[in-house]
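Comments concern the structure below.
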Amino acid sequence: MSGTCVIGLQWGDEAKGKLVDLLAPRFDWVVRYQGGANAGHTVVAGDETYKLHHIPSGILHSDVQNVITPGVVINPTTMLQEIDGLQARGIDVFENLKVSERAHLVMPWHMIEDATINATAVRGESIGTTNRGIGPCYRDKVGRTHAIRMIDLIEGSRDERIATVAGQKQVLLKNLGASEEELDSIAPEKMVALAASWAERLAPMIADTTDMVLDAAEANQKMLFEGAQGALLDIDHGTYPFVTSSNSSGVGVCAGAGVPPKWINQVLGVCKAYSTRVGGGPFPSELEDETGEKIRKLGNEFGTTTGRPRRCGWFDAVAVRYTARLSGVTRLALMMMDVLAHFDELKVCVAYELDGKEIHRVPAHAEQLRRCKPIYETIQGWNTPVDDARSVDDFPPLAMAYVKRIEELVGIPVGVLSVGPDRAQTIFTEESKVMGL
């Protein structure tokens, strides 16, 4: 089997969805393996723009089978809204999307819990939650007692199970300070009716995706694994506690999708030509000045899911080298090169200064990373638009010098360059041929 992963190497929002959409026709399957509706993928196809949260970006290609595997947590209401939006635009989602019976459900009580707990944030600073209930759902998944899975929707004991957990959650959330209105919204009878409505529509899509994926792999079919968020948000390896609740780096692919490591052949690490972050947490190369604001405006850096303005900064080679090594990246995709075409001078963070010492690693403790001062290398900008570039030969020499320097600092060749949101604004370099792209 040929398995290729698309992994974000920063704090998410690296334009992974664009690449998955572009690469999908070359594969038989697109597999979404972690995260939930907290992640947003934007795909631009001609005059159409699609904003996807649950559904794999391969859904825009009718001859590609899309699957959502056990590592994903699903809000059925949100997913059905997403499905209805796509169906209204002529995309037959039910025909080529299957959802794992093992996937856990984000229930209405999870969103109440998310907002309530986030009100008492770390150091008064939000950990970056989208209040979509993702963290509490993963917490229940690990705790097991209150977890609801997709298969529970179609089992005979559904109503009893839902009613029992809803009643228990009312008690727990009351103790956390939830309002009477919030508690009433998750009354057992309301949750039972809601689950029944979900089951009626989703039942045809629920399947044993683990068995499907393994059968396809053994039949030597080509698979594209689509990650959500970015590796710096990984629950185990990211900038903890300002992280997500799943393994968003390359280490999460096999567990989330249910495939053995031997079937992952290539890993495409996606990063912007600069850095962005949403929500709280340390960000060594952040620019809290007019340069950062210029990047935000040029890159339209506002969250797909929340609409929140993203924090912007220079490219952090220390962080990207770390996540690229962690994820086993074989080639880089350097996105948003068009944004940097408006600067006379660029900077790249090549090391940190921590308590007077130069370091070349990402500290495990958030407070240590917060104390890190970026050590920059200045690179001459090209200050020439590259939006119309369709090959490496169309790039100004100074732009290619920037690309080469990123390759040197990260230690991995660049296989893809992006100069805009449209599919046509994507350039595959000679290095991409190694991946069979």
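Heads up, residue numbers simply count up from 1 along the chain you see.
Cβ atoms are placed via backbone N, Cα and C, with glycine included.
Taken straight from Swiss-Prot:
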ACT_SITE  D13  active site, proton acceptor
ACT_SITE  H41  active site, proton donor
BINDING   12-18, 40-42, R310, 336-338, 418-420  GTP binding site
BINDING   D13, E14, A15, K16, N38, A39, G40, H41, T130, R144, Q229, T244, R308  IMP binding site
BINDING   D13, G40  Mg(2+) binding site
BINDING   T304, T305, T306, G307, R308, P309, R310  substrate binding site
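When Cα-Cα distances from K18 (GTP binding site) are compared across the recorded positions N38, H41, T130, P309, the shortest belongs to H41.
If you take the CA of Q229 (IMP binding site) and look 10 A around it, the recorded positions you hit from G12, D13, H41, P309, R310, V419 are G12, D13, H41.
A sphere of 10 angstroms centred on the C-beta of the residue listed as 'active site, proton donor' encloses 25 other C-beta atoms. Other Cβ atoms within 10 Å of the Cβ of R310 (substrate binding site) number 22 in total over all chains.
In three-state terms derived from DSSP, M337 (GTP binding site) belongs to neither a helical nor a strand segment and is classed as coil.
Taken residue by residue with DSSP, T130 (IMP binding site) is part of neither helix nor strand, so it is coil. Taking every protein chain shown into account, N38, T42, T130 are the binding-site residues, and of these the Cβ with the most other Cβ atoms within 10 Å belongs to N38. If you draw a 10 Å sphere around the CB of G40 (IMP binding site), it holds 19 other CB atoms from the protein chains shown. Here N38 (IMP binding site) is positioned 26 angstrom away from V419 (GTP binding site), judged by their C-alpha atoms. R310 (substrate binding site) carries neither a helix nor a strand DSSP state and counts as coil. Counting every protein chain shown, 13 other Cβ atoms lie within 10 Å of the Cβ of R308 (IMP binding site). Taking N38, H41, T130, R308 as the recorded positions under consideration, the smallest Cα distance to M337 (GTP binding site) is found for H41. D13 (active site, proton acceptor) sits 8 Å from G40 (IMP binding site), counting Cα to Cα. Rounded to a whole number, the C-alpha distance linking R310 (substrate binding site) with A15 (GTP binding site) is 14 angstrom. Ranked by CA distance from T42 (GTP binding site), the binding-site residues T130, G307, R308, P309 have G307 at the top as the closest.
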